[in-house]
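Trainee: Sharing the feature lines straight out of Swiss-Prot:
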- Thr139, Gly162, Asp184, Asn226: S-adenosyl-L-methionine binding site (BINDING)
- 274-297: region 'Disordered' (REGION)
Amino acid sequence: MEPRYPFVAVDVPEPEADEIGALLFELGASGVEQRDEQTLVRGARSGQVTLVASFEDHGEAMEAIAALGEQSPPLAARLEEVVGDAWRDAWKEHFAPFALTPTITVVPPWAERAPEREGERVLLLEPGRAFGTGLHATTALVAELLDEHAAELRGREILDVGTGSGILALVALLLGAERAVAIDNDEDVIEVVLENAARNGLEGRIEASAGVVEAVTRRFPWVVANIEARVLRPLAPELARVLEPGGWLILSGILESERDDLIARYTSLPRPLEHVATRPDPASPGGDRRAGRGDAGGEGWVAILFRAPGGAASSPG
């Protein structure tokens, strides 16, 4: 008889997916997949995603369901079973090559290919258990801003706070950054970052470690942080501290309704940053929806570009 593998599925608001995904790992999940309407998962309403977590045995899965039901507000999770081993690679069907920016195409390792057009850069990426495939708007908006400012980025160093799969640090390196420092408070994702760097021949130009921005002791000309607005707000003094004079900061993981508060916070610091630009998600209402992008219940995402006062952070040479 073929084995039966237990999974826990729970529908959650998209802005809360990262937090609840982390909770599932704390409850013993060995992997968590995030699906939205574009992956044709039944049960997920508009503005929601379905988290599907794998567990080693049915007992752990049932304990996780009970724990989710005790959250405030309660989360209604359900047990799903998959017979046989085909599930192990089934998620790969939903991760095909796609254009992340006008010049960078994300390609999974099982679909490896060479660049197909002039100026195209291929980024080989497997997220593993880390956040960051590039399909989510919060990641793509940062990548697009980096691409647009490639001239200022070229030859510089970048700090990626909350790196996940390492996708933004690797994008920066492909665009010409000299070196990337990637940190995350989840030590389990660091191996994923280094593996993705090696896939792209970039392992000699990236330093990845578990840590928090408060422990960073030097400044950078570029800093990116794709986290959540509720985390980015209290981090404002620290993110400004690690910016060189004239340095650039990109924040993402921000809903449109949170934009003004974040801008006010970062432009009113003792060493205030200049608000340079806000980039909206083209999948938000009134924008052009692109494959692989999702909205948050009708509310779009934004990324915000700031610059520190002081000397120029222009491209050398």
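Each residue's number is its place along the chain shown, starting with 1.
Keep in mind that glycine also has a Cβ here, set from the backbone N, Cα and C atoms.
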Trainee: Are there any residues at least 6 positions away along the chain from Gly162 (S-adenosyl-L-methionine binding site) with a Cβ closer than 8 Å to its Cβ? List them or say none.
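Mentor: Result: Ile183, Asp184, Asn185, Ala225, Asn226, Ile227.
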Trainee: Among all the protein chains here, how many other CB atoms are within 10 A of the CB of Asn226 (S-adenosyl-L-methionine binding site)?
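Mentor: Result for Asn226 (S-adenosyl-L-methionine binding site): 27 other Cβ atoms within 10 Å.
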Trainee: Counting across all protein chains present, how many other Cβ atoms fall within 10 Å of the Cβ of Asp184 (S-adenosyl-L-methionine binding site)?
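Mentor: Taking all protein chains shown, Asp184 (S-adenosyl-L-methionine binding site) has 25 Cβ neighbours within 10 Å.
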Trainee: By the DSSP assignment reduced to helix, strand and coil, which category contains Asn226 (S-adenosyl-L-methionine binding site)?
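Mentor: Where Asn226 (S-adenosyl-L-methionine binding site) sits, the three-state DSSP reduction gives strand.
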Trainee: Other than its own, how many Cβ atoms are within 10 Å of the Cβ belonging to Thr139 (S-adenosyl-L-methionine binding site)?
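Mentor: So the Cβ neighbour count for Thr139 (S-adenosyl-L-methionine binding site) comes to 25.
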Trainee: How many angstrom lie between the most widely spaced Cα atoms of the S-adenosyl-L-methionine binders Thr139, Gly162, Asp184, Asn226?
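Mentor: Site span for S-adenosyl-L-methionine, by Cα atoms: 15 Å.
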Trainee: According to DSSP, which kind of secondary structure is Thr139 (S-adenosyl-L-methionine binding site) found in, if we only use helix, strand and coil?
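Mentor: Thr139 (S-adenosyl-L-methionine binding site) sits in a helix per DSSP.
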